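Visitor: Below is the structure I would like to discuss, written out as structure tokens.
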Ligand SMILES: O=C(CO)COP(=O)(O)O
């Protein structure tokens, strides 16, 4: 089954997200991707991925992705949060991470976990392809 993955990064983590997406670009091209607005714009422009862009995080993008997740339309979230910078939409961020826990959806909030999640999803997808 095609993995449905949401990609979100706070401003100071966007370069990490781009580097991560480049590393997994071949796999991510086989996935159904969505992202918050600015993150998605960079993934499209700099990595060449096809991404369903939602609003920017501070304008409700996290909530839009949360809604998709609650509807059962997201399999995993890579959410590179910046724990050192206060965000104006902190309640939205917490709501999205909470929704992942409520619905038992994979949620990687740092780079180390993001690598583990993407490498595992990639391995599963390769083994399904070989089956
Ligand atoms: O703020 C964000 C997530 O909380 C990310 O939004 P952008 O991708 O639009 O910068």
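A Cβ is built for glycine as well, from the same backbone N, Cα and C atoms used for every other residue.
TrEMBL: automatically predicted annotations, no manual curation.
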Visitor: Which single residue out of 89, 103 does TrEMBL record at the substrate site shared with 10, 14, 36, 37, 38, 39, 56, 57?
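Guide: When TrEMBL describes the substrate site, the candidate it includes is 89.
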Visitor: To the nearest whole angstrom, what is the C-alpha distance linking residue 38 (substrate binding site) and residue 62 (active site, proton donor/acceptor)?
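Guide: Checking the Cα atoms of residue 38 (substrate binding site) and residue 62 (active site, proton donor/acceptor) gives a distance of 12 Å.
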Visitor: Just the number: how many Å between the Cα atoms of residue 89 (substrate binding site) and residue 62 (active site, proton donor/acceptor)?
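Guide: Roughly 9 Å, rounded to the nearest whole number.
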Visitor: Taking 10 A as the limit, how many CB atoms besides its own sit near the CB of residue 89 (substrate binding site)?
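Guide: So the number of other Cβ atoms within 10 Å of residue 89 (substrate binding site) is 17.
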Visitor: Using DSSP, tally how many residues of the domain 'MGS-like' (1-131) sit in helix, strand and coil.
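Guide: Across the domain 'MGS-like' (1-131), the residues distribute as 74 helix, 21 strand, 36 coil.
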Visitor: Using the alpha carbons only, what distance in Å do you get between residue 62 (active site, proton donor/acceptor) and residue 10 (substrate binding site) once rounded?
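Guide: Cα-Cα, rounded: 11 Å.
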